[in-house]
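Q: Mind looking over this structure? Questions follow.
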Amino acid sequence: MSVHIGAKEHEIADKILLPGDPLRAKYIAETFLEGATCYNQVRGMLGFTGTYKGHRISVQGTGMGVPSISIYITELMQSYNVQTLIRVGTCGAIQKDVKVRDVILAMTSSTDSQMNRMTFGGIDYAPTANFDLLKTAYEIGKEKGLQLKVGSVFTADMFYNENAQFEKLARYGVLAVEMETTALYTLAAKFGRKALSVLTVSDHILTGEETTAEERQTTFNEMIEVALETAIRQ
């Protein structure tokens, strides 16, 4: 057991999906995994392990933001030796050619979080996805005929930010805004593990188009299937 995850070591697979919402973790386990059992309920952050096409897979809620996901992925790697971590989450588009429900593969992320500047003594470390995971996910998405976008995302430290620089970020090619990828990629690099963020556009910051909270919790199956297929091909 770790501080925030109440599982025994053998109860968590070495490949894991990471939704922010614990109810989405429950949905993934019940919808896609066979024989899924719940290994964690600490703080209501649900975690499950089951099989997908004969491969053992876990899914763990992480909460929102850099501090929360950092706790869970650190404990998953440090205490449970998880090797492959794939975030499945939502993001807000800031490019006109990125549409609601498009799937984004985050190649890298920039951030206004101070996490890496504190870690690297002021250096602007550039967190990146694992290339094997990124390439595999892209190929799977194309096989499925999905509207995939590959590029940079922005990991925001604040959800409600009156001084957001979204227009400038868009000019520099950033596709969308979310709140966790920088932490995932940085910590995966620290521990020598594979990581990827597979994101569904839940709303468009420029146009105001959005999905409902219920849709964000229980849909976006294409993203989940891409993540699961990517995990089992590793």
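Cβ atoms here come from the backbone N, Cα and C positions, even for glycine.
According to Swiss-Prot, the record shows the following:
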type: BINDING; residues: HIS4, GLU162, GLU178, MET179, GLU180, SER202, ASP203; note: purine D-ribonucleoside binding site
type: BINDING; residues: GLY20, ARG24, ARG43, ARG87, VAL88, GLY89, THR90; note: phosphate binding site
type: ACT_SITE; residues: ASP203; note: active site, proton donor
type: SITE; residues: ARG216; note: site 'Important for catalytic activity'
Q: Within a 10 Å radius around the Cβ, which one of these binding-site residues has the most neighbouring Cβ atoms: GLU162, GLU178, GLU180, ASP203?
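A: Within the set of binding-site residues, the most crowded position is GLU180.
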Q: I'd like to confirm something. Which of the binding-site residues, MET179, GLU180, SER202, ASP203, has a Cα closest to the Cα of ARG87 (phosphate binding site)?
A: GLU180
Q: What is the maximum Cα to Cα distance, in Å and rounded to a whole number, among the residues GLY20, ARG24, ARG43, ARG87, VAL88, GLY89, THR90 annotated as binding phosphate?
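A: Between the outermost Cα atoms of GLY20, ARG24, ARG43, ARG87, VAL88, GLY89, THR90, the distance is 22 Å.
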Q: Just to verify a number: CA distance, GLY20 (phosphate binding site) to GLU178 (purine D-ribonucleoside binding site), in angstrom, no decimals.
A: 11
Q: Could you round the CA separation between GLU178 (purine D-ribonucleoside binding site) and THR90 (phosphate binding site) to a whole angstrom and send it over?
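A: That comes out at 7 Å between the alpha carbons.
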Q: Should any of the binding-site residues ARG24, ARG43, VAL88, GLY89 have a Cα within 10 Å of the Cα of SER202 (purine D-ribonucleoside binding site), which are they?
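A: Within 10 Å Cα-Cα: GLY89.
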Q: Fewest neighbouring Cβ atoms within 10 Å: which of the binding-site residues GLY20, GLY89?
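A: Sparsest of the binding-site residues GLY20, GLY89 by Cβ contacts within 10 Å: GLY20.
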Q: Across all the protein chains here, work out how many other Cβ atoms are within 10 Å of the Cβ of ARG43 (phosphate binding site).
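A: Taking all protein chains shown, ARG43 (phosphate binding site) has 14 Cβ neighbours within 10 Å.
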Q: For HIS4, ARG24, ARG87, listed as binding-site residues, tell me which one has the smallest number of other Cβ atoms within 10 Å.
A: HIS4
Q: Compute the C-alpha separation of ARG43 (phosphate binding site) from HIS4 (purine D-ribonucleoside binding site), stating it in Å without decimals.
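A: Rounded to a whole number, the Cα-Cα distance is 8 Å.
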Q: Nearest by CA distance to VAL88 (phosphate binding site): which of the binding-site residues is it, out of HIS4, GLU162, MET179, ASP203?
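A: The answer is MET179.
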Q: Of the binding-site residues listed here (ARG24, GLY89, THR90), which is spatially closest to GLU162 (purine D-ribonucleoside binding site) when Cα positions are compared?
A: THR90
Q: Tell me the Cβ neighbour count for VAL88 (phosphate binding site), meaning other Cβ atoms within 10 Å of its Cβ, over all protein chains shown.
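A: For VAL88 (phosphate binding site), the count of other Cβ atoms within 10 Å is 25.
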